[in-house]
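Feature annotations, reproduced from Swiss-Prot:
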- 234: active site, proton donor (ACT_SITE)
- 49, 50, 51, 87, 193, 244, 245: substrate binding site (BINDING)
- 154: site 'Transition state stabilizer' (SITE)
């Protein structure tokens with residue numbers, strides 16, 4: 001099974017090459033990173049986004065730091081801190097940096113660069129394989145409900161991961177098994193990841209997609225025979241609470257009201273077993289300009305303030321299934337989540 005026709009992260013000629021997701025779908029442009037600071041800036045400015053992709057990019061950023069600083073552990077540790085500060089919510093970032101730090105602290109060789117490139121590449125490849133596994137496990141759940149429409153939020157495909165996708169990987173696998181009549185993609189304000197990225201990915205793979213306004217989700221669930229809402233995750237607690245793109249919580253509430261199943265697909269690296277309550281997940285807030293402007297064009301009065309949290313937390317009791325490469329947890333709770341540790 002191929003990963004998809006989309007690739008957002010490449011390592012070539014000792015550079016990290018990122019598809020600039022801010023410019024999609026109108027332009028396919030790339031950003032070449034040759035320093036760890038450039039990688040951190042790319043993460044912060046959302047050139048690359050999606051929890052797994054952020055972790056992968058950060059791992060390559062550590063390798064670039066070794067190209068800059070050699071075996072100077074102090075400077076490498078500061079580079080790790082710079083990368084860790086780029087986005088606060090996605091736990092995959094910190095998971096990947098812990099792996100890279102363990103290699104830095106444990107290696108005895110003078111030249112760390114090839115070792116760190118190898119580890120970053122391994123993280124990248126492991127994510128792709130995890131996504132392929134999740135795709136099949138999630139499609140098995142969809143098969144139990146029968147063929148029908150799916151609804152997804154934000155972007156969880158190859159653009160957000162090492163390839164194939166988490167929630168979008170499930171959708172890809174289900175479509176290949178003729179389980180999907182159509183996909184409804186929320187536009188996902190304010191960055192419009194659904195409109196710009198998910199719709200673009202699905203069109204690239206010739207999967208039928210209908211873009212909807214975020215506010216149309218309830219009507220679509222009520223009238224369009226949606227079988228599953230399928231989303232990704234930026235952090236999952238030990239009890240099964242899920243932090244994901246703002247609007248996910250509302251979709252879970254709507255799905256429960258309309259009798260629609262709600263699935264979260266994410267690699268096990270997204271689970272933070274040291275965090276027990278979703279209330280303790282740090283929620284990133286971004287500038288009000290992201291709400292008040294689109295590509296430099298004002299949408300709101302200049303004097304109007306804006307509140308722009310970019311994640312919310314869906315409690316475990318609203319989730320029907322969490323799908324990881326290690327297995328599936330139905331109706332998650334603390335005891336069931338332990339099987340994924």
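Just so you know, glycine gets a Cβ as well, placed from its N, Cα and C.
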### Summary
What remains of the recorded positions 50, 193, 234, 244 once a 10 Å Cα-Cα cut-off to residue 154 (site 'Transition state stabilizer') is applied is 50, 193, 244
### Under 8 Å by Cβ from residue 51 (substrate binding site), same chain, sequence gap 6 or more
90, 91, 92, 93, 160, 232, 233, 234, 235, 266, 270
## Note on the structure
Same-chain neighbours of the substrate site, Cβ within 8 Å of the mean position of the Cβ atoms of 49, 50, 51, 87, 193, 244, 245 and not counting those residues, run in sequence order as 54, 90, 154, 155, 160, 232, 234
### Summary
Longest inter-residue Cα distance for the substrate binders 49, 50, 51, 87, 193, 244, 245, rounded to the nearest angstrom, is 17
## Note on the structure
Three-class DSSP assignment, residue 51 (substrate binding site), comes back as helix
